[in-house]
Amino acid sequence: MVILGSTGSIGTQAIDVVLRNPGRFKVVALSAAGGAVELLAEQAVALGVHTVAVADPAAEEAAARGPGGQGAGRPLPRVLAGPDAATELAAAECHSVLNGITGSIGLAPTLAALRAGRVLVLANKESLIVGGPLVKAVAQPGQIVPVDSEHAALFQALAGGARAEVRKLVVTASGGPFRNRTREQLAAVTPADALAHPTWAMGPVVTINSATLVNKGLEVIEAHLLYDVPFDRIEVVVHPQSVVHSMVEFVDGSTMAQASPPDMRMPIALGLGWPDRVPDAAPGCDWTKAATWEFFPLDNEAFPAVELAREVGTLGGTAPAVFNAANEECVDAFLKGALPFTGIVDTVAKVVAEHGTPQSGTSLTVEDVLHAESWARARARELAAG
C-alpha cells in the first residue's frame, strides 16, 4: 500500500496499525506535506519503504538525509518533491492507497489512484466532496473504502439489508466542545477553546471543523455521494459519547448501529484490511460496565453549518468546492484572530450565496473545480479582512 499524508493524524495512526500487524501489510511509499520531515524519514526507515514524497521542494534534501541526517544505516528511499509528488505516488504499483491528506489538494491523488485501479482507502473526504461527479465517474463499485468513523459505520450497517430497504442514514456527531452553547455564547469562543475537542485527537483544521460542525456538514455530503441516499433521508443527531458512530434505519423500523469506543484505528484498520477485519485493531466496548448513550437533536440555529452543507450538496457542481475552500480560508482567519468563531460559517454562507448557480452536470472538469476554489478562497479572504 501507499500512505498519503503519513505525518498527519490519520497517517500516523495508520502506520501504528501497520506496525502492530507485522506480515499483514506492506507499505511501499509515503507522502507528506514537508513540515515534519524528520518524522517522515523515521517512518520511512521503520517501514522500509522505497519511495517518499514531499509537497515542499525545500524539504527534499532533509528527507533524503533520513532520521537525524543519518538514515539509520539503511538504504535511503527515493525522494520525490513538488506539488504533484503525492499524485505520482497515488498511481504507483500497489494494491491500495490510503489518502490521509487534509483538504481539497487531495483531489488529484484521489483521481490518480482510482484511474490506476487502486483500492482507495479514503480519509480525505474533501476530494470526494469537491470533485463528487469527477470521482464517481472513474470509481468502480467497491473501489472506495471510507475511513471516516461515521462512513465506515454506515458502510458496515448497510450490510444489514438491501439498499432498497434503507429508510434513512443517521450520522452521529459528538456535538464538539460547545454543544450546549447558544449562538451568542459561541461568538466569544477563542481558537484555544475550539482546538480542545472533547473526544477525538485530530489536526487543527479538522478540530475547528468539528467545533463548527462544518465537518458534519461535509460528512452529510460525503454520505450522499458514497451511498446515493437523498439529502432528505440523511439525519444528523448529537451523541456526546461518540460510541455509536452512525446508524441505518430500514423500512421495517429496525435500526443497525455500529458501536465502538472512539478510536480512529478501528475504521483505519477496517479500511486497510477490507474485506477482512484486523484482530484487536482497537479496544471494544466493555459490556460489563454500566454506560449511558445519549442522543439529542442538532441545534441548527447555533450550528447552521449542516443545513448550509445540505443546500450546497443539493446544488452540486462546483458549489461544494466553493463551500469547502471558503471554509478552509475562514478557519485560517479564525486561528489568526481575524474572524470570530461564528464568523466562520457566516462568511462561508456569504461566499456560497455570491457564487450563485454553480458549474455542474456532466461538463464539470477539474479546471472548473480549481477555478471555483480559487475564486472562493480569494473572496473569503476579502470578507474576512473586512
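Including glycine, each Cβ sits where the backbone N, Cα and C put it.
Residues annotated as NADPH binding site in Swiss-Prot: T7, G8, S9, I10, A33, N124, E126, G203. The 1-deoxy-D-xylulose 5-phosphate binding site annotation in Swiss-Prot covers K125, S149, E150, S174, H197, S210, N215, K216, E219, and the record cites sequence analysis as its basis. Look at Swiss-Prot and you will find D148, E150, E219 tagged as Mn(2+) binding site, backed by sequence analysis.
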E219 (1-deoxy-D-xylulose 5-phosphate binding site) to D148 (Mn(2+) binding site) - Cα separation in whole Å: 8
Residue, out of the binding-site residues I10, A33, whose Cβ gathers the largest set of other Cβ atoms within 10 Å: I10
Cβ atoms near E126 (NADPH binding site) (within 10 Å, other residues, all chains): 26
Set of same-chain residues at least 6 away whose C-beta sits under 8 angstroms from N215 (1-deoxy-D-xylulose 5-phosphate binding site): V206, N209
Nearest-integer angstrom distance between the alpha carbons (Cα) of N124 (NADPH binding site) and E150 (1-deoxy-D-xylulose 5-phosphate binding site): 13
Spatial neighbours of K125 (1-deoxy-D-xylulose 5-phosphate binding site) that are distant in sequence (at least 6 apart) but have CB under 8 A: D148, H151, L218, E219, E222
Rounded inter-Cα distance in Å - E126 (NADPH binding site), E150 (1-deoxy-D-xylulose 5-phosphate binding site): 15
For the Mn(2+) site built from D148, E150, E219, further residues of that chain with CB within 8 A of the site's CB center: K125, P146, S149, H151, A152, L154, V171, N215, K216, L218, E222, A223, S246
Integer Cα-Cα distance in angstrom, T7 (NADPH binding site) to E150 (1-deoxy-D-xylulose 5-phosphate binding site): 22
Rounded Cα separation (Å) that holds between S9 (NADPH binding site) and E150 (1-deoxy-D-xylulose 5-phosphate binding site): 17
CB contacts for S9 (NADPH binding site) [other CB atoms within 10 A, all chains]: 19
Which same-chain residues, if any, lie at least 6 apart from G203 (NADPH binding site) yet have Cβ under 8 Å of it: G8, S9, T102
